[in-house]
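Engineer: One structure, pasted below without further comment.
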Amino acid sequence: MSCRLLLYVSLCLVETALMNTKITQSPRYLILGRANKSLECEQHLGHNAMYWYKQSAEKPPELMFLYNLKQLIRNETVPSRFIPECPDSSKLLLHISAVDPEDSAVYFCASSHGQGVSGNTLYFGEGSRLIVV
């Protein structure tokens with residue numbers, strides 16, 4: 001990941017703390033053993049692109065999935081047990097089957113008017129912290 005992209009994503013995360021982005025995520029905190037779980041995100045900004053990011057401890061956020069106009073763009077390095085679902089343009093789900101300790105991280109949902117980070121502002125939710133024990 002380039003330093004420029006990392007800086008951009010970091011600034012977006014800081015900006016999120018300062019404004020009401022109208023993006024909600026649930027649950028906020030989740031501690032569980034090896035089970036199946038779903039994370040939910042909903043945006044009320046009229047955006048047509050939605051994203052899931054994973055931020056593991058002491059690592060930069062990693063783009064997992066992008067839906068643009070309900071079309072999926074997948075990061076091929078993401079394990080197949082992560083399954084995104086976009087039931088409509090304002091909601092994005094992340095289903096995780098057979099949760100593994102390496103899945104412990106904060107999962108951020110984001111949205112934007114268009115695909116990609118060039119020229120588009122990403123608006124982030126507060127994150128869902130998943131701890132697998």
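The backbone N, Cα and C atoms fix where each Cβ goes, and this holds for glycine too.
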Engineer: Tell me which of C41, C86 Swiss-Prot records as disulfide-bonded to C109.
Structural biologist: C41
Engineer: What does DSSP call C109 (disulfide bond) in the simple three-state scheme?
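Structural biologist: Reduced to three states, the DSSP call for C109 (disulfide bond) is strand.
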Engineer: Expressed to the nearest Å, what is the distance separating N36 (N-linked glycosylation site) and N75 (N-linked glycosylation site) at their Cα atoms?
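Structural biologist: Between the alpha carbons of N36 (N-linked glycosylation site) and N75 (N-linked glycosylation site) there are 21 Å.
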